[in-house]
Amino acid sequence: MPSNKSLSDAPITQFVNCRILKDHRLQREDLWVREGKILNPEKLFFDEEGFADHKIDCGNKIIAPGFIDVQLNGGYGIDFSQASDDIIGGVALVAKKILEHGVTSFCPTLVTSPTVIYHKVIPEIRVQDGGPEGAGVLGLHLEGPFISKEKKGAHPAQFLRTFNAGVVADLMETYGHLENVAMVTLAPELANSGAAIRELAGRGITVSVGHSMADLSQAEEAVQNGASFITHLFNAMLPFHHRDPGIVGLLTSDRIPPGQTVYYGMIADGIHTHPAALRIAHRAHPAGLVLVTDAVTAMGLPPGRHTLGQQQIDIQGLHAYVAGTTTLSGSIATMDMCVRHFREASGCTVEAALEAASLHPAQLLGMSHRKGTLEYGTDADFVVLDDTLTVRETYIAGQQVWRK
């Protein structure tokens, strides 16, 4: 227990017999936790003369930072783009269920919707810490409606919008307000999008380019204006061409402002992206890869017909299609499944696969000082995995919130 010199009377837990992901590699080291934070054991020993109250033997398993999903449309029968009678309850249900897949934080994602839906749903979904009741909410991801008609994918055409000269008025008229919004996906070739990107980035909102016909110079201009993410790379954008690689070219562009990283989302479900394309992206720009599920209502449910926003979708095996078409409509993948598939398909290290679901999304959202790592002083959100990268336990703020 803590000594007389201890800075706190709170109990200290020591996780032993584990390999922890730190400084980009798995290290045989104990993990110390107090008051929901990762503790520096040297300071504990030498400054406080303290020691552990509880020891947990991890059986030689891996401890990695908790997974962060920045694109999750719903699951388990819940559709975040529907104005149900219990929006908060729906988010809470999904937040609870995704703990078993190692997700400790996420961005509930709304697809292109009528204005009335945004005005009803956005005020209800607030940023909140995770805990035994479920994964934390980092803020909303608004995917649309300022996207390309030609690359709308599963988004309903009748609700797409463009920017007029007064982008602030356009944003507010569409969304209602921008509190609790973490990310907005838009098409950078739309007129006046540069002003919109600058406005959103200036408010601390991550701007992503996607569902877009943009060429490389338009994508580079968007990044220079403050965009920092690509929504589901390769999907709903111009295909790579050697004379104009389009948005995909951002991965190796030499016109990215100094000190800035462009991140890109990958749906590593074995359906949205061919393994060879996954490998090309990862080898071109490994530090920017962010695994996303893009999961829809039907995640965790049997095959059949479900909804995504204003559309009907059919689940056939592992495929989600807009009903009556062959247009892919999100996925039914879970984050742990994406981590395993990415590791297998790319041939990357275990460390790289885990960081693509933890460190990189935290860096993208500007919160790697407290999430996505096991550095001293960060939030003690982590997962315990076996060597097959199957999640065995999930912890939030140092508290076990799920166990297999």
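Cβ coordinates come from backbone N, Cα and C, glycine included.
Predicted, not measured: the structure shown is a model, and the values here were computed from it.
Annotated active site, proton donor/acceptor per TrEMBL: Asp294, in sequence order.
The Zn(2+) binding site annotation in TrEMBL covers Glu143, His211, His232. When other Cβ atoms within 10 Å of the Cβ of Glu143 (Zn(2+) binding site) are tallied across all protein chains shown, the result is 30.
Annotation for Arg243 (substrate binding site): no same-chain Cβ neighbours under 8 Å separated by at least 6 residues are found. If you look up TrEMBL, you'll see Ala154, Asn235, Ala236, Arg243, His272, Leu328, Ser329, Gly330 marked as substrate binding site.
Residues annotated as domain 'Amidohydrolase-related' in TrEMBL: 62-401. Looking at the domain 'Amidohydrolase-related' (62-401) alone, the prediction's average pLDDT is 96.
Within the same chain, the residues at least 6 positions away from Ala154 (substrate binding site) whose Cβ sits under 8 Å from its Cβ are Val111, Leu308, Gln311, Ile313, Val322, Thr327, Leu328, Ser329, Gly330, listed in sequence order. Non-local contacts of His272 (substrate binding site) by the CB criterion (under 8 A, 6+ apart in sequence, same chain) comprise His232, Phe234, Asn235, Asp294, Leu328, Ser331. Other than Glu143, His211, His232, the residues of this chain whose Cβ falls within 8 Å of the Cβ centroid of the Zn(2+) site are, in sequence order, Gln71, Gly144, Ile147, Gly153, His155, Thr185, Ser208, Gly210, Thr231, Asn235, Ala236, Asp294. With the fewest other Cβ atoms inside 10 Å of its Cβ, the least crowded of the binding-site residues His211, His232 in this structure is His232.
In terms of local Cβ density within 10 Å, Ser329 ranks first among the binding-site residues Asn235, Ser329. Candidate binding-site residues: Ala236, Leu328. Fewest other C-beta atoms within 10 angstroms, Leu328.
Cβ neighbours within 10 Å of Asp294 (active site, proton donor/acceptor), excluding its own Cβ and spanning all shown chains: 29.
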